[in-house]
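Enquirer: Quick one: structure below, then a few questions.
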Amino acid sequence: MESSVQHLISNEYTEIYSRIPFRLQLSYGVGHVLNDVCASMWFTYLLVFFHLVLNFSASDAGIILLVGQISDALATPFVGFHSDQSDDFYICRYGRRKIWHLLGTICVIGSFPFIFSPCPSCENSHREAQLFYYCIFVIIFQIGWAAVQISHLSLIPELTPNEHDRTKLTAIRYCFTVISNVVVYLITWYVLHISSDNPDDAQIGPNDAPEFQKVVWIGLAIGIFASFIFHIFVKESNGHTGNDVRGGQLRTSVVDLLTSVEVYQVAVVYMSTRLFVNLSQVFIPLYLHETLNMAASALALIPLVMFIGSFATAMTIEFLNRVFGRGISYILGTILGVLACVWIQLRDGQDFVTYDIYAVAVLFGAGGSIILVTSLGITADLIGDKTGSGAFVYGVMSFCDKLANGIAVVIIQELHSGAASTFYRDVLTYVCGGFTIMGSLAVLTLMKRRGRRR
C-alpha cells in the first residue's frame, strides 16, 4: 500500500484514510494569515499606538484592549456552537465552517483600518467620545476575528482523524502565524526606520500615525490575498474527510463538555499559554521603549527576532510531540520561556541592550512557539473523533483565553501609573514567567489524569 494511505485503529473499528496533500496543507495554513496580521498589530502595537501616538492614558488604552478581548471572548462560544450546527440555510451549503470564516473576514477588513487611524474630525472631542468611537470598530473587528479563528481551528479535526497529522496542520498553521508576524515587523521596521523622516534614534510619537496606517493597509492586502487562496483551494465536505466508517460526525453534548473536568484542565493549559504568548507580545515593545529607552525601529526589530526564533522552532514541534509526547514538549517550551524571563530580570546595561536582548527575544519566541502549538494539539486530542463539537470546544478555550488576557492587560496598565521605569521588566519576568509555569503544572495534572484513565 502507498505511504500516503494510513490505517487508524481503535478498539471499535479500523479506518483507512489518505494523508493530506501538501497543497491542501499550505492552502489551509494561509487561511488564518489575515487574522495573524491583524493580531500582530493588535497585541504588539495597540497600546503603543493609543498611548504614545494618540496620547491616550495607559488605563484608557488598556480599556480599549479589554473591550476587544471581552467581545472576542463572548463571540467565540457563540460562533463555535452555531458553527457545529448542520443548518439547511442556502448560504450554509458553502460549508458550515467556511461560511463563518467568510463572514468574519468581511468584518475584519471593514473595521480594522479605523482602529489604527486618528478619529476623523474628533481629535479634540471628549476622551469618552473618542473611546466610544474606537470601541465600536474594535467590537466589530473582534467578532469577525473570532469567527475566522474558530472556524479555521475547527477544520483541523475534520480534515484528518490522525493525531500526528493534526499536529502537523497545527504546526503549519503556526508557521504561517509566525511568517505573518515577521512580515508585519519587517514592514513596520522599514516604515519607521527606512522611509520615515525621523532621526534613527527617535522614539515613537504623535507624528507616526500615518506610518502605522501604511503598515495596516499593506498587511491587510497580504491577508486578503491569503484568504482568497484558502477559500479557493480548501473544500469543506459534509462528512469526515477520513471516510469515517461510522457515517456522519460524532458529537459530545454541551452539557457533557461543561461538566467534564478534563475540559477545564485543558482550558487552564490553553489560557496560561496564551497569557504568556500574548502578554509578552503586548509588553515587550513598551519594555523596549520605557525601560531600555530604545529607538522606534527597535519596536519592530526585536519582535521580528522573536518571531524568527518562533519560526525556526516551529519546524521541529511535530517531531518533538511525536517523539517525546505532549507533556515533555510543553515543559521544554516552558524552560525556554522561563529562562528568557529570568534573563531580563538579572541583566541590564549597555551590553544587554546591544547583545543580550536579541538572545532573550529568540528564547521568548522559541518557548512560546513550542507551548502554543503543543497546547493546540492537547485541545485537538480533547476533541478526538467528536469533530461535531470541535468548534464549541475551541470556543470555550478561546473564551477563557481572551477574557483572561483582557483583564490582565487592564490590571497591569492600571498599576503602571506612577510606577518605576522597570515596571514592564517586572511584568515580563513575574507575570509572563508565572503563567507559563502555571501552564506546565496544568499539563502535568492533565497527563496524570489521562494516564490513570488509560
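Even glycines carry a Cβ here, placed using N, Cα and C.
So TrEMBL lists these for the protein:
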TRANSMEM  42-67  transmembrane segment
TRANSMEM  99-116  transmembrane segment
TRANSMEM  131-150  transmembrane segment
TRANSMEM  171-192  transmembrane segment
TRANSMEM  215-234  transmembrane segment
TRANSMEM  292-315  transmembrane segment
TRANSMEM  327-346  transmembrane segment
TRANSMEM  358-379  transmembrane segment
TRANSMEM  391-412  transmembrane segment
TRANSMEM  427-447  transmembrane segment
Enquirer: Please tell me whether the transmembrane segment (292-315) and the transmembrane segment (427-447) touch - that is, whether there are at least 3 C-beta pairs under 8 Å between them, with each pair 6 or more apart in sequence.
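Expert: No, the transmembrane segment (292-315) does not contact the transmembrane segment (427-447).
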Enquirer: Could you pull out which residues elsewhere in the chain have a CB under 8 Å from any CB of the transmembrane segment (327-346), counting only those six or more residues past its ends?
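Expert: Apart from its flanks, the transmembrane segment (327-346) reaches 269, 276, 287, 317, 320-321, 356, 359-360, 363-364, 366-371, 374-375, 378, 425-426, 428-430, 432-433, 436-437, 439-440, 443-444, 447.
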Enquirer: How about long-range neighbours of the transmembrane segment (42-67): same chain, 6 or more residues beyond its ends, C-beta under 8 Å?
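Expert: Distant Cβ neighbours of the transmembrane segment (42-67) are 115-116, 118, 127, 130-131, 134-135, 138-139, 184-185, 188, 203-206, 208-209, 212, 278, 281-282, 284-286, 289, 299, 303, 406-407, 409-410, 412-414, 416-417.
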Enquirer: Is the transmembrane segment (131-150) in contact with the transmembrane segment (215-234), using at least 3 Cβ pairs under 8 Å (sequence separation of 6 or more) as the test?
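Expert: Stretch pair does not touch.
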Enquirer: What else in the chain is close to the transmembrane segment (171-192), if you only count residues 6 or more beyond its ends and a Cβ gap under 8 Å?
Expert: 25-26, 28-30, 32-33, 36-37, 40-41, 44-45, 152, 156, 198, 204, 208, 211, 214-215, 218-219, 222-223, 226, 296-297, 299-301, 303-304, 307-308, 310-311, 314-315, 317-318, 365, 369, 372-373, 376
